[in-house]
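Written out below as structure tokens is the structure these notes cover.
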Amino acid sequence: MRVALLLIPLPFVNKFLLETGLLIACSVKMVVRTVDLRSDTVTKPTEAMRNAMANAEVDDDVLGYDPTAQRLEAEMARITGKEAGLFVPSGTMGNLISVLTHCQIRGSEIILGDYSHIHIYENGGISTLGGVHPRTVKNNEDGTMDLDLIEAAIRDPSFEICYPTTRLICLENSQAHSGGRCLSAEYTDKVGELAKKYGLKLHIDGARIFNASVALGVPVHRLVQAADSVSVCLSKGLGAPVGSVVVGSKSFIARAKILRKTLGGGMRQIGVLCAAAFTALQENLVKLEGDHRKAKILAAELNKIKGLKVDVATVETNIVYCDILKGSRISETELVKTLEQYGLLILPEGPLRVRFVLHHQISESDVHYAVSCLQRALAGVAEENGDK
């Protein structure tokens, strides 16, 4: 068989492709690299996690027989210094189960921060499903709530004919909306003492408690020592694909397990998920310090860019909030869309503010690339407005 080759000059090929719509115009930015800093929840399971999932020993966990789930729950209880643990699909469910377990009477009231994740980002589940009333106290910039304000928010039980009954105080460590700030063990102890003084319980939303532990150099069990319950997320900083673990006393977890079933969180062979979470705990805990270091590098470099401002001193863990100065002539949504063209993904965080979250799949090279994208984006805006 004879094959004839027709050689066509490249300019003619490009002209044909362009005219037929098969070649994208050069003016369109071609994304050749993606750096995803939207959250530490965007990580992909590692090869070790996938292997662990494939080889996990499993059984029916609703009946209480999944050995891999039992092993993960026991390990999380050990790390947090609590008696028992319970695997749940998400941190939101973990917090919801904890609140409802502590507040079994509808109309109960909990005290929590006005910027807390439970109050803002969990669909009002404690009220919708549990009839629990939230009473907010102002979060300070460091994520704490003033002790005197917490105490003042506790209802006087002698006037229960009108007031809801305060039953629980909730803290968040690290405090995401405050930029990943960490609550000290000493502060948490004082809140715990206040709770005991009034016969209340203390729950900690520990979605990023491992980040707080690494940043403060304090073991997790010490940070949550005063708490009656803790919800610990495994799919944020640690990078597991799914899951959180609620920890507390054996009696608390026994009640929580019933609520998990009620809420649709009882799953069968969950060892497949727990195996990945256990691997994440083993391989990524040691990487958190590096995530924090890279977050601080990013913060310092962003703060050098004209039109942006970062309070570098407040960056304690893996979250960086960046303010867009009003003279920059670009909104947070416009900046996010512009950066997408370069393959840099971030989230808007309110008027003239954006958020970056570091995780174990972001390299230092990625950080510098992110900085260069911001530099180009802000420079492009200045050029469009005739600024020098």
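Keep in mind that glycine also has a Cβ here, set from the backbone N, Cα and C atoms.
These come from TrEMBL:
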DOMAIN    36-323  domain 'Aromatic amino acid beta-eliminating lyase/threonine aldolase'
MOD_RES   Lys236  N6-(pyridoxal phosphate)lysine
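Within its own chain, Lys236 (N6-(pyridoxal phosphate)lysine) has Ser39, Asp40, Thr41, Gly91, Ala207, Arg208 as residues 6 or more apart in sequence whose C-beta sits under 8 angstroms from its own. Per-residue pLDDT, averaged over the domain 'Aromatic amino acid beta-eliminating lyase/threonine aldolase' (36-323), rounds to 97.
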